Amino acid sequence: MINMKDVYKKYANGVVAANGLNVKIAPGEFVYVVGPSGAGKSTFIKMMYREEKPTSGEIYVDGTNLVTLKNREVPFVRRKIGVVFQDFKLLPKLTVYENVAFAMEVIEAPSDSIRDRVTEVLDLVGLKSKARMLPTELSGGEQQRVSIARSIVNRPKVVIADEPTGNLDPETSWGIMNVFKDINEQLGTTIVMATHNKDIVNRIRHRVIAIEGGLIVRDEAEGVYGYEI
Amino acid sequence: MKFRTIRRHFRESFKTLGRNGWMTFASVSAVTVTLLLVGVFVAIMLNLNKVADDLEHDVEMKVYVELAADEASTTALEDQIRETPGVAEVIYSSRDHELEQMISDFGDDLKLYEQSNPLREAFYVKAANPQQTAKVAQTIDEYPNTYEVVYGEGKVEKLFDFLNFGRTAGLVLILALLFTAMFLISNTIRITIVARKNEIGIMKLVGASNSFVRVPFVLEGIWMGILGSIIPILAVVFGYIEFYDYAEPRLRGEMIQILPPVPFLYIVSGLLFFMGIFIGIWGSFMSVRKFLKV
Ligand SMILES: Nc1ncnc2c1ncn2[C@@H]1O[C@H](COP(=O)(O)OP(=O)(O)O)[C@@H](O)[C@H]1O
Ligand SMILES: [Mg+2]
């Protein structure tokens, strides 16, 4: 599903955030990406949906080479990948329903299928009753659910999440993890999640990729968090 | 782009106008103020231009015929003048008619000349292009049986210089005003779009193509341009009709006339309307372009 070969990323300011990454993630896998702050987790994630382009190396997502991809083709790849952000990135003036529907309008889906599907995923993340509210009227956990609903509404093969529980309290975080678990188990969606949440990584066991200084220092099938903080 | 997407963009562009309340208001106000200026200015300039045309077309030359010329050669001269390139109009005036004119201009004292009229026959000639008067006069002056051509030499050239200067100055002023207007409006629209920079970034991250982001913005710009042109159009239309009703009776019979409201006001309204739309499209397009690279 995702395949990185010798990926190297140097930012304009000289910081090397990826220093030769080699990774294969199979369809249906659930992968945690862990590591200290500044290790390069976000860079790793951002390169998967072309928010950042590697300086060298190859990245394939669902068969598409993201490195040679032309700028105007980028939207088409992003539509196949669901992305969940730590700061939710919801459109502030749109309602919960409209935010989720936006991702389907982008792919020019017919309006009745938008209506059915948006209702369906809002039900899945438990927000059907808040469809008409604005993001600002929701709690952090609820906003993150909207963001997840939006990421899965087009039935992507892979959902990528950068610290989706980073801004949430522990209880809410467990709720969010359950949503990811359902998506992964019931829909077979591949999930790549950068996280700082030790409890979650240790309790819901999945593959763990640990990154430090732009390098993969550990890659374990039923891994643990492995850091003290 | 599918039809339903176009429909979506229209719907979205209307909704955003409302959602961005004060920003819409700021942009529409900027368009209104500038178009109001442009409208008033264009109305003034077009009328000044009309006045200049009237003044120009009032310029004519008077061709005096040799006293010795008989009827046949006078007719021949008239034909020759008519066939001269650049001549638009030739009016014959007999000696008696000339004298009558002079008597009515200078008084009955001149009536004593009715016994033996010392005046010459004349042709009043207008050039198709008034600015060519001097050249045409020179040509006619060469003809046999032309005694003299008079057209207010010197004065006419000064008038033309002045009118040409006025026209150029007016054009430069209108262009400068337009430029300022575009700058003001694109800046206002830019400010409102900078405020939406994050939104544009999010749309792109969710997989929206550039055109998907841009089209609603551009449509929004069109609506703002149209909204912004309403007040200026109404102001210019009603203002001008008022002005015309006041000025027209007072100018009746004068050499200088102002433009009648039709089709003048249709033209100015159309101009303001399309300028509003153009400014709206251009402003949105330029402003949104910067933020699409996500
Ligand atoms: N856009 C950027 N420009 C320059 N340096 C960056 C940028 N993004 C991240 N970095 C740097 O790259 C390194 C890795 O950052 P990041 O991938 O965000 O790490 P993490 O998500 O693991 O905290 C850090 O040193 C960070 O300062
Ligand atoms: Mg990070």
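Placement of Cβ uses the backbone N, Cα and C atoms for every residue, glycine included.
Positions annotated as transmembrane segment by TrEMBL: B:21-46 (among others).
The annotation domain 'FtsX extracellular' is assigned in TrEMBL to B:59-149.
Summarising the annotation, TrEMBL assigns transmembrane segment to B:169-189 (among others).
TrEMBL lists B:172-293 with the feature domain 'ABC3 transporter permease C-terminal'.
TrEMBL lists B:222-244 (among others) with the feature transmembrane segment.
Sequence-distant neighbours of the transmembrane segment (B:264-285) (same chain, 6+ residues past either end, Cβ-Cβ under 8 Å): 27, 31, 34-35, 38-39, 42-43, 46, 178, 181-182, 185-186, 188-190, 193, 214, 217-218, 220-226, 228-229, 232-233, 236-237, 240-241. Summarising the annotation, TrEMBL assigns transmembrane segment to B:264-285 (among others).
Nonlocal intrachain contacts for the transmembrane segment (B:222-244), taken as residues 6+ away from its ends with a CB within less than 8 angstroms of a stretch CB, comprise 13-14, 17, 24, 27-32, 35-36, 38-40, 43, 189, 258, 260-261, 264-265, 268-269, 272-273, 275-281. Within the chain carrying the transmembrane segment (B:169-189), a Cβ under 8 angstroms from the stretch's Cβ atoms is held by residues 26-27, 30-31, 33-35, 37-38, 41-42, 45, 48-49, 221, 224, 275, 279-280, 282-284, 286-287, all 6 or more beyond its ends.
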